[in-house]
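Structure first, then comments.
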């Protein structure tokens, strides 16, 4: 049995989180003041916090683009009819937050401020300019309109003012002064009984990360960001909430099912895991204290893999060596991934079988219970896999969610087999060749050549116009 050291702050678990999880500075006062002014230019704070700034800037080294659709073409089918079927890359460093949302095929190729497929809310986790605009225009003023409206305004990459009260005198003296810069995040924390001002400093550290590393949806006519935590944070609680308000992110173009798309629910899954239950915060593993050249300790803002700073992270509490813990990580990741693929295979078949039933004349009433099962199965699968580090944040919860997703998908397929039989269809429904991303995209009718050409034109013509306005308005340091 693994022996655990007792830390003065709390008992750590036997596991370690593994993937990137946005975090914040470890030192802070218990009740930081609310921001008075939002300065979005990160370079402004380099003289006061040089080590933190340089380590934050080093997130530009995390530059590799990994195409998740190419790795797993099944995703294209599951997200048919949704922008994620066009383009889905794994996360890069914070230094690429603005670039990546501008260049992804998901945001389309708008020609003007009123054009394009997505709302302003899609900027909300990308930049301290979001906090600046909310302060300037209010939430309603910030959220209204299309994503392209924010192009000339959202320019500085995720940074200082997203997590810190940079206007505070204490921050100027070198203190962290954590804050929730997104009012909707503060309301969500209050909804689960965690008002930020009353939280302890370890809770606050993770709550700041939880402004963005959460599940959310776009609410109301203005498409404002809201966290679906009114009924609780477990997958079933959020599913119940979404069903109650009859919300869907999109309708799958094959099965015509009203679907839910999970975002990146690290806060929810971390909370459900042993680290979260013992209040081992995001920064303990992803932003440890390290020494600068003069031997002074500071919080490393190059958010990343705990194994890259093993002595400052895992070894603080675990007695195993690095290789032993890496083996634990690999085994848990493999277990999650194996079940993930099995659930995806069932869902792919369910979507195509539902399409066959509709093509054969199935009615809305006949399809409703089947589509409910597909919706719930894919929601549970998505919430499990959208949190990239769930295999270490909450592996048991991840396997549980995937297990219930498998059950729901099986229920859908059983009902589909019976319904198809009533339409005279007893043979197996053939699935087209989806062995590559390109073939899967072709199977759902995407004209990727046109989509990519339009995006390249947008990058060459519209983004330079935005950048010219940014420089003219003094929104960038350079």
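Even glycines carry a Cβ here, placed using N, Cα and C.
Swiss-Prot annotations:
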BINDING   94, 209, 212, 213  heme c 3 binding site
BINDING   122, 125, 126  heme binding site
BINDING   160, 163, 164, 301  heme c 2 binding site
BINDING   215, 216, 261, 263  Ca(2+) binding site
BINDING   216, 264  substrate binding site
BINDING   275, 314, 317, 318  heme c 5 binding site
BINDING   282, 285, 286, 393  heme c 4 binding site
SIGNAL    1-26  signal peptide
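Location within the structure of each feature annotated in Swiss-Prot.
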| residue | record | contacts (Cβ under 8 Å, 6+ apart) |
| --- | --- | --- |
| 125 | heme binding site | 97, 158, 211, 212 |
| 160 | heme c 2 binding site | 39, 42, 44, 45, 49, 53, 56, 128, 166 |
| 216 | Ca(2+) binding site | 225, 226, 227, 228, 263 |
| 264 | substrate binding site | 91, 212, 213, 214, 215, 386, 387, 388 |
Quick check for the class: what is the C-alpha distance, in angstrom and rounded, between residue 164 (heme c 2 binding site) and residue 318 (heme c 5 binding site)? 30
Hey, how far is residue 318 (heme c 5 binding site) from residue 285 (heme c 4 binding site), Cα to Cα, in Å? 12
How many other Cβ atoms sit within 10 Å of the Cβ of residue 163 (heme c 2 binding site)? 27
Any same-chain residues 6+ apart from residue 261 (Ca(2+) binding site) with CB under 8 Å of its CB? Would you list them in sequence order, or say none? 79, 82, 84, 249, 250, 382
Taking the Cα of residue 393 (heme c 4 binding site) as the centre, which of the binding-site residues listed as 94, 275, 314 lie within 10 Å of it? 275
When you put residue 301 (heme c 2 binding site) at the centre and draw a 10 Å sphere around its Cα, which of the binding-site residues 122, 209, 275, 282, 286, 317 have their Cα inside it? 286
Are there binding-site residues among 94, 163, 209, 314, 317 that sit within 10 Å of residue 285 (heme c 4 binding site), Cα to Cα? If so, list them; otherwise say none. 314
Out of 212, 282, 314, 317, which of the binding-site residues has the smallest number of neighbouring Cβ atoms within 10 Å? 317
If you draw a 10 Å sphere on the Cβ of residue 263 (Ca(2+) binding site), how many other Cβ atoms land inside? 18
Spatial neighbours, same chain, of residue 122 (heme binding site) - Cβ under 8 Å, 6+ residues apart: 101, 107, 147
Packing count at residue 215 (Ca(2+) binding site) (other Cβ atoms within 10 Å of its Cβ): 25
Check: min Cα-Cα distance from residue 275 (heme c 5 binding site) over binding-site residues 209, 282, 286 goes to 282
Would you measure the largest Cα separation among 282, 285, 286, 393 for the heme c 4 site and round it to whole Å? 12
Distance between residue 209 (heme c 3 binding site) and residue 282 (heme c 4 binding site) at the Cα atoms, whole Å? 7
Farthest-apart CA atoms of 94, 209, 212, 213, residues recorded for heme c 3, distance in Å: 13
Between residue 286 (heme c 4 binding site) and residue 126 (heme binding site), what C-alpha distance do you get in Å? 19
